[in-house]
Amino acid sequence: MDGLPGRALGAACLLLLAAGWLGPEAWGSPTPPPTPAAPPPPPPPGSPGGSQDTCTSCGGFRRPEELGRVDGDFLEAVKRHILSRLQMRGRPNITHAVPKAAMVTALRKLHAGKVREDGRVEIPHLDGHASPGADGQERVSEIISFAETDGLASSRVRLYFFISNEGNQNLFVVQASLWLYLKLLPYVLEKGSRRKVRVKVYFQEQGHGDRWNMVEKRVDLKRSGWHTFPLTEAIQALFERGERRLNLDVQCDSCQELAVVPVFVDPGEESHRPFVVVQARLGDSRHRIRKRGLECDGRTNLCCRQQFFIDFRLIGWNDWIIAPTGYYGNYCEGSCPAYLAGVPGSASSFHTAVVNQYRMRGLNPGTVNSCCIPTKLSTMSMLYFDDEYNIVKRDVPNMIVEECGCA
């Protein structure tokens, strides 16, 4: 994982970053990196939070005035951290936006989202805070992909979707569905009767590019509306083949006779563009920490959690991150007296690994003092565009610092 430039971290803290446990927003430090908005004042010289000697194992950490453009460096480190957690090499190149009508329709169907007066999408639980109930549960990634069309394939309509597997080669598809809008045109029916049609969705069989399987559904229609068709098997086969393009052929029996129109890719019907939703399970380790840490309130110099918020609009990322609007990049700061050392939990084990590395290098571990570092990290839900203009809803683990401790 990327962190601050090498000049800003000592060997011990670099080891913690390499372990994938400490994020750039969560550095243990005697002096915290300043924040973009309302940064806390630097600790006075000689205070527990202001001395470099307080945390010898992070001895490479420099005071803000020694780093020059620390604000820019810090924001770049946060950007790299977010991209790393999303398993992306760089931010997506958004050259043309998905039609907002199509996006909003999909989000409303799946997340009960709404559009604010300023045009931004607001979705419950995607506010930059930790995801409720996410820790200790299975991680599930959700991908929304909108249809494109190759035109007609005999009597069927060919749709295709580019579906990203989120950088994970071993995703297990929990559920996947095609959402298709069926529109009713004026038609004379007997009172109380409905229009009954049969929709067939064809997808390529695994291992046989020239053979197609079919999902069939009989639909009784009283009004225009959305209908779903299961595609779990098709998407799982796609991932197992290592492919990204999903080809679907759609056929509707009796639609023409009964004045039923499946809406495909029509510039005049963007809010009804077909889309595929994939829910896939992510295997990720879970951390359970027992001890609750202090909040920085300006009245203590002991190890505590400092909160701050980064608005994605201010760093130019609001074009590809739909929700949340920003990131709570909390970090740890403060002194670690001897009586606070050895907080139980993952932090202790990582600190032990660092000390062992010092021993291997012939250094005296007795000179390595405790560092104020994260002891609990939580999950954050994000909704964003990937390079293929899929809308991805993902619960990203270890994103937000919840508690700090000494180790």
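Along the chain as shown, residues are numbered 1 onward.
Yeah, the Cβs are placed from backbone N, Cα and C, and that goes for glycine too.
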In Swiss-Prot, C336 is listed as disulfide-bonded to which of the following: C255, C404, C406?
C406
If you look at what Swiss-Prot says, which of C252, C371, C372 makes a disulfide link with C303?
C372
Helix, strand or coil at N93 (N-linked glycosylation site), per DSSP?
coil
Other CB atoms, at most 10 A from the CB of N93 (N-linked glycosylation site):
7
Please report the DSSP secondary structure of C332 (disulfide bond), reduced to three states.
strand
C303 (disulfide bond) and C332 (disulfide bond), Cα-Cα, nearest whole angstrom:
7
